[in-house]
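K.L.:
Got a structure here, written out as structure tokens. Questions coming.
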There are 4 protein chains.
Amino acid sequence: MSHNTFGHLFRVTTFGESHGPAIGCVLDGCPPGIALTAAEIQTQLDRRRPGQSRFTTQRREPDEVRIVSGVMANGKGEDVTTGTPIGLMIDNVDQRSKDYSEIAAAYRPGHADYAYDAKYGIRDYRGGGRSSARETAMRVAAGAIARKIVPGLIVRGALVQMGPHAIDRAAWNWDEVDNNPFFCPDAGKAKFYEEYLDGVRKSGSSVGAVIEVVAEGVPPGLGAPIYAKLDADIASALMSINAVKGVEIGDGFGAAALTGEDNADEMRMGNDGKPLFLSNHAGGILGGISTGQTVIARFAVKPTSSILQPRRTVDRYGADTDIVTKGRHDPCVGIRAVPIGEAMLACVIADHYLRHRAQVGEPVSWPFTKE
Amino acid sequence: MSHNTFGHLFRVTTFGESHGPAIGCVLDGCPPGIALTAAEIQTQLDRRRPGQSRFTTQRREPDEVRIVSGVMANGKGEDVTTGTPIGLMIDNVDQRSKDYSEIAAAYRPGHADYAYDAKYGIRDYRGGGRSSARETAMRVAAGAIARKIVPGLIVRGALVQMGPHAIDRAAWNWDEVDNNPFFCPDAGKAKFYEEYLDGVRKSGSSVGAVIEVVAEGVPPGLGAPIYAKLDADIASALMSINAVKGVEIGDGFGAAALTGEDNADEMRMGNDGKPLFLSNHAGGILGGISTGQTVIARFAVKPTSSILQPRRTVDRYGADTDIVTKGRHDPCVGIRAVPIGEAMLACVIADHYLRHRAQVGEPVSWPFTKE
Amino acid sequence: MSHNTFGHLFRVTTFGESHGPAIGCVLDGCPPGIALTAAEIQTQLDRRRPGQSRFTTQRREPDEVRIVSGVMANGKGEDVTTGTPIGLMIDNVDQRSKDYSEIAAAYRPGHADYAYDAKYGIRDYRGGGRSSARETAMRVAAGAIARKIVPGLIVRGALVQMGPHAIDRAAWNWDEVDNNPFFCPDAGKAKFYEEYLDGVRKSGSSVGAVIEVVAEGVPPGLGAPIYAKLDADIASALMSINAVKGVEIGDGFGAAALTGEDNADEMRMGNDGKPLFLSNHAGGILGGISTGQTVIARFAVKPTSSILQPRRTVDRYGADTDIVTKGRHDPCVGIRAVPIGEAMLACVIADHYLRHRAQVGEPVSWPFTKE
Amino acid sequence: MSHNTFGHLFRVTTFGESHGPAIGCVLDGCPPGIALTAAEIQTQLDRRRPGQSRFTTQRREPDEVRIVSGVMANGKGEDVTTGTPIGLMIDNVDQRSKDYSEIAAAYRPGHADYAYDAKYGIRDYRGGGRSSARETAMRVAAGAIARKIVPGLIVRGALVQMGPHAIDRAAWNWDEVDNNPFFCPDAGKAKFYEEYLDGVRKSGSSVGAVIEVVAEGVPPGLGAPIYAKLDADIASALMSINAVKGVEIGDGFGAAALTGEDNADEMRMGNDGKPLFLSNHAGGILGGISTGQTVIARFAVKPTSSILQPRRTVDRYGADTDIVTKGRHDPCVGIRAVPIGEAMLACVIADHYLRHRAQVGEPVSWPFTKE
């Protein structure tokens, strides 16, 4: 319900604007006894941090996270969660509020400016205030903790399309993802993107992207029928990321074009005495519940709205005007959306892991009929 | 949080299995004083009801809804809501449980069977139990009430793709939607679908579809930044419908291929002294908040999993087997998903209307800066 | 949040008015695999049912409960919960709406009439509509299920004061509770109440009562610091029962008069190697978390507001008037509040049992420090 | 649901331990456009702050609050809320962790120590960690904002009993409350308390108290039937304050001893053409909904558990031991509970004000029947 809280049992509440003194996050519901250091969280934050290549905003935000509460030494040389709320804080340092003085009254097309004024009658125009992507740093921090809650869970992501240019899925290599500034698993396409995005950037334009995030090691049985479906929560989580306009699970929109025979993920008993799916059109989720297969989701990110090309707009006083959004912006916000998408997926799965434990207990393995 | 509740202030809780005595719904949070009759709800239910053409399941479910509570005569010849929970009930009548005896132990590919057993260790195999699309009748009923909450709101939907065959958007005519059994706004394509789907049905196969739902008259300001985004809730609502694998808002996945210039919905002051958007790539939502433009969403429905073609699978005892899903099934469940999608969109908007009213008051109109 | 839902993970949603066709309840979040029959629920309902002695209302409500969903045969001769929502229905049968015609416009002192009109501008005056104690039948039904969720849990209750007359706690005998129409554990006082309440009834008056409910077998560790305190939820649950004006835990208001030395529940290691509390001033809860001692709560019920003595009031049109509430009313509603209080306590504990399991896992036993 | 969040639409989430670097609070759902300064919040915090007389703990906590987000200058010389989450922080400064070294392993009677270990298997023994009353500073801060949300709302509180010594209600004078260190409205009794509490303090003992909080200017219609009752939420809010063991509304437990005639709050039309209650046994709430009368609640605070008198206990390793709780403690924690109780009452009323506005709109005034 809360406007700034995500999750039900693993609850993430964020606060702070990009141009206030700090942003923060309260993580409530984390189980006790989990080893946790600020350094671990920092590792994930650094993946999202701007200013790491010429393809992301040149703002310098060290994004140094502090753990304010909920963790203490356990007397055995480890810092562990205590089960009480984990408070996280990141100080804001590289703000240039004057960059925004021109757009205090004019509505930038594609931004939330107009909608905020329509809702609240007031908005923090400095850096977008609450609508700034800066808030997503806290999502990544929360995701770093979520990853530790489900035993054996591995969450990874990759950029699979930039502008109209999709990767070659046959060339997918997870190792490549960290070898280029695009989180791109296709080395050849990454090379192409470099030149392509340089052109976009120099022309003061921007492009969109599609990101794929996957979760391996998700135990079967997470999620629930009807309104607590695992995929419904993933859809909500990914759609809540800034600039996202579409979400799909498994074959997604492609499934609409398939026949029932082709779409069916058939099964056979495996050599290890466990059931085996022969394909994964479903993206690891059936009836809203995980099957134990890899969970696969994709989301579309629109092109950055802040561009140097002048656009027609109006101001809050009712005058026509043209606007150019200066400042330091990502030519493709989809790139930094990769670790954010991973974090959201990890948070949803951690939440459902706890929800499942509440109603049913620890996830079972095959055979399901225990007696 | 609740597994069977949807919405925060306009709350829909459903219960019942397809093969139990009845299905029901509790609608909590509805404002008092709204005129409401069972007949109005029935009108919407009849749009979803099976057995109306040879293209939907031949089960005969009259789906007669009764209002059990929350409505009373207001002494002026009208039945109105009282502000207390509205209980709705539909008796189940045309059940043939024996149709399902063969699949009590075997996992139907593409169904929730395997996932339910993995989660609960028990499942109601008769008609899919809780995973049956029958539950969606209650969504449609709730949506009929939701439509009455936001003054001036109009929610409509249409099937825009069946199998790989998309409609011609230039041929879109809302009046056509009720002239064919597919909710298709393109008369020519509707004719084509007739023959096409007959072939699919006769071969014992099935196909997927894409549905578009739109809401006109949504006041600006509904939704909220971060985790109560209007589009995040729409994504969750649509993804929670049976068989849905993808959701998009406005240009959706298409936005990824655009440049920032092309994607920007520019503005100018209109002749009526109000701001005017010159395009609607955003689908009526910016920063998670409605702008007053038409809200546009699409969702992909996978092909019906219940098909007459035999598929390979396993049973709950660990044996390989083949399965044919008899019974009476829709060759394209996407068709009946149209009124369901409309209902979910209406529920989300009604919910956000109440949420907005809580925090801010009644939605404002231009100019936003009141003093 | 929901106005008609109680609990977080064990969620009870009720609907229906006393003079509509039926009342109902949806129980969401119940674990799967729990044996459950309508007969078991009926046993609890019969304890609350009116018309069983001359000391309760003479309305005849058979209160026959039907299970509409969420339970099915498990193939081993048992009906068990499936993990999906349990729908319960009770038809209303002995309504005499005309008894209420006189009070359609006048506000009965002590009733919710005035407040309902102030809130909704409309109210169901027949039998109090939603404010009728009839709704509590559904609480008792839900409580019957809640009792089965926590292994070893025993919840009992007793009337410990009627009007100004408190029982003699030294005479407490649980076996007596079922031997008199007052749920009174003090046989001598029960005899006294008989004559006393006869006098109250014959004079057209009414009296209040104090009820004590206790839960044995509550594992240590349920509840949580700050806002999910076990005692805060018990307070809310009991205060939500019709006519309740006060709630206390353990020594309650008496604790205010104690010194720190006297109030401290000291500890010693017991002969069984487990810690032992030497007293229970705290009522089994410290810092909002159960200690493993018996949980003890008391609540005060005001006298029935429906009395035959005329009272001064006004009507909804602004005229002074006098009112006598005819109909068939309990001279002491506190009596039937005993099974209701038990049910609410059981629901809170079941809810916290599931919440604990979500965050921490199954409750531990001594020693707490596992390694 | 969340363990550390209070409220539904006006949501207060707190975090931080007494011996960590800081405590904080996120206030979500606050309406936009409300003038707010840190100084206003500080005024309320200073009323709760320790070390102001010899009757409260001698810890020196300046409790300086900072607003981290959610407030900005509105261009007219005022700082106002923006509708986004308000982050509040207070640094911890006067910690003496070594005071607690002795009790790291032993369970202090009356404290949450044992319960925390039973729940989490780990606890922050320094200053009680999360169970410390220090958390309540954030409640007072949130309450300072809540007070500004409902137009015309005045919330006040007073200590009405210390140990066994109740005030003389005939001597009640609100002006006296600020003239003594006890928030006592009876000047004579305040004088008596001074000597009395000195004796308690010097003997290393402690005593309990009863606090009364009242809210004037509550519009009729706040709250809702069944589980969103205004009094049920007040009960939960007050019971969630550290050391509280009982809560009552209006006549509370005293109502149990009344007859229906005596308890009825009769009505007559007033000279101003509005209905008038002739008494207020109900404490301003009927059927869970406010009537427009003053809302009255009382709560009982147990004696401080930290005392210098040795008590018998056990440690976490299973050994018997005796314990003396050194450190700097309040001889009567009930005193500082007065502003905390006020804050909680204000938060509940603000929350229900927003909830009412969501479902019904702005509260109405007489006559209720608008047409």
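Cβ atoms are placed via backbone N, Cα and C, with glycine included.
Sharing the feature lines straight out of TrEMBL:
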BINDING   D:ARG48, D:ARG54  NADP(+) binding site
BINDING   D:ARG130, D:SER131, D:SER132, D:ASN242, D:ALA243, D:GLY287, D:LYS302, D:PRO303, D:THR304, D:SER305, D:SER306, D:ARG328  FMN binding site
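I would like each feature placed in context: is it buried or exposed, what are its neighbours, and how far apart are things?
P.N.:
Annotation for D:ARG48 (NADP(+) binding site): same-chain Cβ neighbours under 8 Å, separated by at least 6 residues, are D:ASP63, D:THR136, D:ALA137, D:VAL140, D:ARG336, D:PRO339, D:ILE340.
Under a cutoff of 8 A between CB atoms, and with a sequence separation of 6+ in the same chain, the neighbours of D:SER132 (FMN binding site) are D:GLU17, D:SER18.
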K.L.:
Three-state secondary structure of D:LYS302 (FMN binding site) from DSSP?
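P.N.:
The residue in question, D:LYS302 (FMN binding site), is coil (DSSP, three-state).
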K.L.:
Is any of the binding-site residues D:ARG48, D:ARG54, D:ARG130, D:SER132, D:LYS302, D:SER306 near chain B, in the sense of a CB under 8 A from one of its CBs, and if so which?
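P.N.:
Listed in sequence order, the binding-site residues near chain B come to none.
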K.L.:
Can you tell me whether DSSP puts D:ARG130 (FMN binding site) in helix, strand or coil?
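P.N.:
SS state of D:ARG130 (FMN binding site) = helix.
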K.L.:
If you count CB neighbours within 10 Å, which one among the binding-site residues D:ARG54, D:ARG130 has the smallest count?
P.N.:
D:ARG54
K.L.:
In whole Å, how far is D:ARG54 (NADP(+) binding site) from D:ALA243 (FMN binding site) when you measure between their Cα atoms?
P.N.:
21
K.L.:
Mind pulling out which binding-site residues among D:ARG130, D:ALA243, D:SER306 sit under 8 Å from chain A, Cβ to Cβ?
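P.N.:
Going by the Cβ criterion (under 8 Å to chain A), the qualifying binding-site residues are D:ARG130.
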K.L.:
Tell me, in order along the sequence, which binding-site residues from D:ARG130, D:LYS302, D:THR304, D:SER306 have their CA within 10 Å of D:ARG54 (NADP(+) binding site).
P.N.:
none
K.L.:
Count, for each of the binding-site residues D:THR304, D:SER306, the other C-beta atoms lying within 10 angstroms of its own C-beta, and report the residue with the smallest count.
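P.N.:
Lowest Cβ count within 10 Å among the binding-site residues (D:THR304, D:SER306) is D:SER306.
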K.L.:
My understanding is the cutoff is Cβ-Cβ under 8 Å with a sequence separation of 6 or more in the same chain; which residues meet that for D:LYS302 (FMN binding site)?
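P.N.:
Once residues fewer than 6 apart are set aside, D:LYS302 (FMN binding site) is near D:GLY110, D:GLY208, D:ALA243, D:VAL244, D:LYS245.
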K.L.:
Which ones, of the binding-site residues D:ARG48, D:ARG54, D:SER132, are Cβ-proximal to chain C (under 8 Å)?
P.N.:
none
K.L.:
For D:ALA243 (FMN binding site), just count the other CB atoms lying within 10 A of its CB, please.
P.N.:
22
